[in-house]
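I have placed the structure first, in the form of structure tokens, so that the comments after it can refer back to it.
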Amino acid sequence: MLEQIRGPADLQHLSQAQLEDLAHEIRDFLIHKVAATGGHLGPNLGVVELTLALHRVFDSPHDPILFDTGHQAYVHKMLTGRCRDFDSLRKKDGLSGYPSSAESEHDWIESSHASSALSYADGLAKAFELSGHRNRHVVAVVGDGALTGGMCWEALNNIAASRRPVVIVVNDNGRSYAPTIGGFAEHLAGLRLQPGYERVLEEGRKAVRGVPMIGEFCYQCMHSIKVGIKDALSPQVMFTDLGLKYVGPIDGHDEHAVESALRHARAFNAPVVVHVVTRKGMGYAPAENDADDQMHACGVIDPETGLATSVPGPGWTSTFSEALIRLAGKRRDIVAITAAMPGPTGLSAFRDRFPDRFFDVGIAEQHAMTSAAGLAMGGMHPVVAIYSTFLNRAFDQMLMDVALHKLPVTVVLDRSGVTGPDGASHNGMWDLSILGIVPGMRVAAPRDGARLREELGEALDVSDGPTAIRFPKGDVGEDIPAIERRGDVDVLAVPADGMSEDVLLVAVGPFAAMALAVADRLRNQGIGVTVVDPRWVLPVPEEIATLATRHKLVVTLEDNGGHGGVGSAVSGALRHKEIDVPCRDAALPQEFFAHASRGEVLESVGLTERNIARQITGWVAALGASTGDREVSEHVD
């Protein structure tokens, strides 16, 4: 049956029995396709019936359906004609793991950063009203913790103040809400959604209040009783107090019930919340039995067992986790904070070992940063572990609440640089540019596991301001020993005997391995290269300027955007000291990169050892620092 679904219109003629069969097919399809590519499995298994109902009730794309977060949108993609593309999920030139307007007119927003869809919905509803499109509904599906983000409640406050047709579907796949009791609550919820209910209610208010002497008193008594019953029976007070209509909770795996609720909500033609309770990982035993996160996201797995088909080597995240636990065992002032991601950021083990010193604040990076500031004021040393891409949300708090007060808060940025398969919104290529403008901020970029352990310890010894440590996703690789340490800078390679000091190659973090490979290529062409790892990359260590005076060209190599990164900082530091040595940078272009593997993205922008060696050769030749173009070109090719 799934093969016959080319678009939402094909769902309209299906019977309830056929919809149930289709739901089973969709789950089987998801399990086998995501098992082969990796992706967000658990959340999508939980929204099958909900997504079917959404596309039967609303007219997408005429009625925008916005997913928050977008990793819940796999079934939506399937029902809008993209089943055939799932073999390429999260691969180069393939299907995105999030909604993508480049893929389909049914995808309005990319929505991989949580808690934003309601603000989009508010804006779209206003735009439709101003354009005279009064028959268009905007649907926001908010779930997987997105409602723990403050931006959602800012948007709800604005949506509630209008009469615009915004339908807010709360996909509750956790245990945040208690179940509603009995049929009376269901009756109240259904009644409140009837379009004529408000008219009748208003007439009743006027009639009771019009009774001489006791009318207002009677109305207030009746209203108080109604509110008390409502709050006792339904977990809706947080919405109704804002002025939003509410229905639910609805069994999210009963397609007929969900569809009925959505049709009532649509007919109301004003802001309404539909509370749908779903089970993450529904229908797949390995996910349902995963107590940690119901297989929220997985790599390539065996679809029968749910087990990974290969075991990765030691990763950056696990190395950080082990190091933090070791240090916390020696110091009771070390506390850890995460924004709803204890597993992905490596803090689950810390939570288990030190539960009283671990704080999961939900999807609330802004609160996380200022709460960390308060902890630091109280004598603790907080470690805030988040993905690099989510640092953007906490910039004001980091600048004004942490740095302004010179507080010892350590921010650990996982998934820095190019992450790859999750696409543009998850690449952590902005952090150095952001951190570089924060007064008093010190930033480390470890090149290997040994340096991560070392620099984490150094960060936790800082007591007069904030620190940050950034590292990428994936395996940590082999340790890269230094020849010597000059000041705070590790020297990894020097020109061979008899060669001149032509190029100072400044490698940021894990790009140290690439820098050494580039130096080998250049040595074969007679170009002498010194490779250094600054370790603490911002502010630029003094030793970099000293080393620069001995070379003819300085080149920085980093996986940050070219504007505002280490390259810009090194160039600025040399200008400040009036050191007249040319600087060049090999960095990421300042643009958004589509999903692909990390290696594919780096290759597409020329950040490979061969291409960088060719670039440096050209720069050296242009400066007249070494051999002629023709001889160099022959060696490069």
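From the backbone N, Cα and C atoms, a Cβ is placed for every residue, glycine too.
What you are looking at is a predicted structure, and each value in this text was computed from that prediction instead of being measured.
Among the candidates Asn173, Asn269, Asn524, the one that Swiss-Prot lists alongside His71, Ser112, His113, Ala114, Gly145, Ala146, Tyr284, Glu365 as binding thiamine diphosphate is Asn173. Taking a C-beta cut-off of under 8 angstroms and a sequence separation of 6 or more, Gly145 (thiamine diphosphate binding site) has the following same-chain neighbours: Ala114, Gly174, Ala340, Gly362, Ile363. Taking all protein chains in view, 23 other C-beta atoms sit within 10 angstroms of the C-beta of His71 (thiamine diphosphate binding site). Using a 10 Å Cβ-Cβ cutoff, Glu365 (thiamine diphosphate binding site) registers 27 neighbours. The binding residues for thiamine diphosphate are recorded as His71, Ser112, His113, Ala114, Gly145, Ala146, Asn173, Tyr284, Glu365; their greatest pairwise CA distance is 32 Å. Put simply, Asp144 (Mg(2+) binding site) is 16 Å from Glu365 (thiamine diphosphate binding site) when counted between their Cα atoms.
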